[in-house]
Amino acid sequence: MVSYVKIPSHLKPSDPQGPDLLTQERNLASFDVKELTLVLYGIKDLERYHTILKIIENDPVFDKSNIYFMGRNELFEHAIKKEKRLVQLIRENKWKVEELQFAEWFLDMPGPFGAHRGMFIPTLIGQGTKEQKEKFLVPALNYQIIGCYAQTELGHGSNVKGLETTAIYIPETDEFEIHSPYLTASKWWVGGLGKTANHAIVMAQLISNGKNYGPHPFVVQIRDMKTHLPLPSITIGDIGPKFGFNSTDNGFILFEHVRIPRFNMLSKFSQIKKGTGEYINPPNQKLSYGTMVLVRAIIISGVRVTLARAATIAIRYSAVRRQFIDKDEPKKLEDGSIVETSILDYTMQQYRLFPVIAQSYACFFTAKMMVNLYTEYTKQSSSGDYSLLADLHASSSGLKSLTTTMAVDSIEDCRRACGGHGYSSFSGFVKFYQDYLPNTTWEGDNYILTHQTARYLLKTFRQVTSHKNPEIYASQSNKNPTISYILQYLNEPNQKCTAITPSDFNNHEIQLRAFKHRVAFLIANVVDQIDNQKKSWNSMLVEINRISRAHCQYLLVQNFITALHQPSEDESLRMLHNSPALKEVMTSICNLFVLHTMEKDIGDFLESEYLTTPQARLLRIQVYNLLKEIRPNAVSLVDAFLIPDSLLCSALGRYDGKVYETMIDWASKEPLNGMTLDFNPNNDTFIRKAKL
Ligand SMILES: CCCCCCCCCCCCCCCCCCCCCCC/C=C/C(=O)SCCNC(=O)CCNC(=O)[C@H](O)C(C)(C)COP(=O)(O)OP(=O)(O)OC[C@H]1O[C@@H](n2cnc3c(N)ncnc32)[C@H](O)[C@@H]1OP(=O)(O)O
Ligand SMILES: Cc1cc2nc3c(=O)[nH]c(=O)nc-3n(C[C@H](O)[C@H](O)[C@H](O)COP(=O)(O)OP(=O)(O)OC[C@H]3O[C@@H](n4cnc5c(N)ncnc54)[C@H](O)[C@@H]3O)c2cc1C
């Protein structure tokens, strides 16, 4: 990239600077960073990581040095080039899903094929018959057809049952007629639809013999395979500029009585019989919503790396950045001179940032739990057993809501913790935040999703408490955490916290009891208000959100504590258990996650009368103690995430700490610096290229 401003060569940063400071920080670590990285990735994935990163970093098509200066069209063009090159690499290297997820992560460029890989193909796999897979999946995997997932409409997104697009079965021709009866039925927001896709999975109300069977998925060809123009009776466009995600062509589509063969209704679970139009029921009514469950689980497993990325930038920058001389504890160099304090040493900065590191580690263990639960469900459902679906739907909805909300809040907290430089695109936060933000809305708005989790919790509570002998459920409590805490609450509704010193709060049993008691108390309260005081669902929505959040926080806490203590077959957990140094630092991080989470929602714990007000004060003191305990390891804890510089794309978070050199170097490349202003009021041009 061209530099438009010549920076005087005599200028050096004042001493001691970034690189030295980060080395000093790294020398403080109480554990082996490489060992922790291995725990996080596992041996096989770490090998994959390095192989894929090398390929990506050495490919000029993926060069991101110009990325912060691109407008929408340039970004979209860049994304298309990236997609094409990625397809070539997938073919050349025979990459499978495991390799592809690393590649996509490193590339960090939401592109027009994202929905093809992330939603179109998974829907065909999950909901297509063998014949449908041959017809659609095979060419989709070969990129001969490019698909998207068209569910949301201009008028309805959250309320899937309220979708207006119809698919009416026509027995005479054995076809469906796809139609958008109103303006509000226009599919909207669909990733890859605006310019790219030639096929769509369209969620439409299935109507046969005059009866509506609810939303079902249909494969519809939408563009001509040669000209790439929309097919007759189909109107398509891009929906325009967005808050972020502008490298993707989110689109709209309207259908005017478009005919497709009956074959194109994805029929693994429910079918329409030829000629009679008879509807064959699925084994579970919600299987047509299966793609959403899968993608929610994937989103949850991505939160850890999102938090890790934000924490890495803010922690490294805070170590390098110095402001003010601390009057009480002035920082002295070896030669006795006094220098300004690194902002990472300010307790307020620690209080804002260390919990983000802890959240990332917490999400790491819960991602494992989510993957295990999804894998178990897939295994069982392949033999026709869908009994795990309700659990999976409840935990994936609530966790997607809780963890992505946590992630966007934390990215913003980290950005602000970087002061003015956090507002510059060069911080690495701006595009990152813009592109991540829709995670709180897509695949279910984060508030709407908590209704689903709460429904499940209330149902389970009613089921257990309405039984004459609730203990009958005890055998299920090992596998079902909800039943476990409900039973514990019923046996001991007046539990009290036994902590009498701040460090007592490090006791994992005390922590677990706090979360279990709080959530069961809150659920009991909501059940009472709805069932006995006859409160409406709407009037309870704030409480509904609260119980979903409390339940999912409990899951995060439980998964973290279990990972630290329970013997496991899991390779990563065994490495963690076998290293006392790692276990010690992870225990501090776990304690910080748990106690900081409690402190933020202290009202719930006081209201449930598990804690007293003096205990709340002790808990806060313990949070401060933990910040001090974690301080020497802060930089190494983010180094262990191993987020590469090429992904961070940040002047503030780079591994070598050369913050100021990079800021001025990148600023010198701003194209505006290559222009001069023309102030002459008689000239039409206001800005023109400067003669360099
Ligand atoms: C540091 C270490 C690192 C190590 C490792 C490194 C690895 C690196 C790799 C990391 C990279 C990760 C990157 C990940 C990135 C992921 C990115 C993913 C990208 C995704 C792109 C997405 C693009 C966007 C797409 C979309 O948005 S598609 C549209 C989505 N739309 C929605 O979600 C709509 C939401 N609405 C609904 O789902 C429903 O309407 C509703 C659930 C709200 C209500 O439904 P309904 O009205 O029909 O139902 P009821 O409320 O009446 O309930 C009836 C019963 O049905 C149950 N139910 C409902 N839904 C489901 C379901 N889906 N499944 C099962 N059951 C369901 C209810 O529970 C009710 O049951 P009950 O009667 O028993 O109570
Ligand atoms: C970048 C991006 C990409 C997307 N990609 C796709 C795609 O590829 N395919 C696709 O089909 N869709 C896609 N979507 C759409 C997305 O799934 C929907 O926007 C999402 O499901 C939310 O629905 P909505 O927009 O209708 O929100 P609304 O339901 O209108 O929500 C608006 C507000 O109302 C509140 N609200 C609504 N109903 C209730 C209620 N019952 N109780 C309490 N509060 C309520 C919500 O909490 C929210 O705050 C995408 C969206 C974005 C932003």
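The count begins at 1 with the first shown residue.
Placed from the backbone N, Cα and C atoms, the Cβ positions cover glycine too.
As recorded in TrEMBL, the features of this protein are as follows:
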- 32-146: domain 'Acyl-coenzyme A oxidase N-terminal' (DOMAIN)
- Thr152, Gly191: FAD binding site (BINDING)
- 289-458: domain 'Acyl-CoA oxidase C-alpha1' (DOMAIN)
- Glu443: active site, proton acceptor (ACT_SITE)
- 508-673: domain 'Acyl-CoA oxidase C-terminal' (DOMAIN)
### Message
I'd like the Cβ neighbour count for Thr152 (FAD binding site), meaning other Cβ atoms within 10 Å of its Cβ, all protein chains included.
### Response
20
### Message
As a test of the contact definition, list every same-chain residue at least 6 positions from Gly191 (FAD binding site) whose Cβ is closer than 8 Å to its Cβ.
### Response
Pro110, Pro112, Gly114, Ala115, Met119, Cys148, Tyr149, Thr248, Asp249, Asn250
### Task
Determine, to the nearest whole angstrom, how far the Cα atom of Thr152 (FAD binding site) is from the Cα atom of the residue listed as 'active site, proton acceptor'.
10
### Message
Just to confirm: which same-chain residues, 6+ apart in sequence, have a Cβ under 8 Å from the Cβ of the residue listed as 'active site, proton acceptor'?
### Response
Met292, Val295, Arg296, Ile299, Lys400
### Task
Using DSSP, break the domain 'Acyl-coenzyme A oxidase N-terminal' (32-146) down into helix, strand and coil residues and give each count.
89 helix, 0 strand, 26 coil
### Query
Is Glu443 (active site, proton acceptor) helix, strand or coil when read with DSSP?
coil
